[in-house]
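Okay, structure first, notes after.
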């Protein structure tokens, strides 16, 4: 934990005038420090580190926060090779800068050295410098401002990501397939493939009966060719990229289908069509059977009506015939 540092005069009991002069000088220097920008002070540890790893490239990254920030601020930093890294946090507040405590952590570990604190106006700056030479220096570095309500900024140092295939790759038994992984804008030192067997990853080494062939046209990509596929070959395959600062991995999911699978789907669709046609035919037959009794009833009624009309006609013609005979006589 560190606040703004100021100068303190040394007491000289025998020289009271000199003491007063020093105190006045200290007061002026503090006022100037809060009103004008001051360069970061180099620490002995930083100077030693800079000299020792002066051949490494320097990368500078910064984040900004205010006293009203509600969410932590994060920034991802991708490192492929060893580098000197400067991490700067900027904090703006309307309060007293001298009362703001500043701390740094790597993960949950408190960092005591290699950072400085300076201020200009209403802005407080802190900078941490680290020489990243292997995977031990990778991880999360966080700066904290304040005590009760802390404002947090985090730098995530990580190696490049590997792009596999998000969607499953589907193929059939007996075919060959090539699984691809690629690293965008980076050159891994080496590639390694693993096959997933449950929660265990099994390394794929030299070709076994020409079953596996590892190849890649460019250094930033790798391919795994699998021939004579069987249903046992399906699963998840992992590609590991090795860098100077750590490892990164991607994955490809492979699904191997039998040729009977599409045939089963076709048979299922055909069965559904046949069933639908059968239902339609049965409905038509039922409808026709339902119409026939009503038609037969109508024909029967018409026949009976005709018979009734005929009988009435005969009865009516009998009296008329007798009447005509009597008239003739």
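The chain as shown is numbered from 1 upward.
Backbone N, Cα and C atoms are what each Cβ position is placed from, and that goes for glycine too.
Among the ranges 263-283, 284-304, 305-325, the stretch that TrEMBL annotates as transmembrane segment is 263-283. DSSP assignment over the domain 'Ig-like' (160-241) gives 3 helix, 41 strand, 38 coil. Secondary structure by DSSP for the domain 'Ig-like' (72-143): 6 helix, 45 strand, 21 coil.
The domain 'Ig-like' (160-241) scores a mean pLDDT of 86 in the predicted structure.
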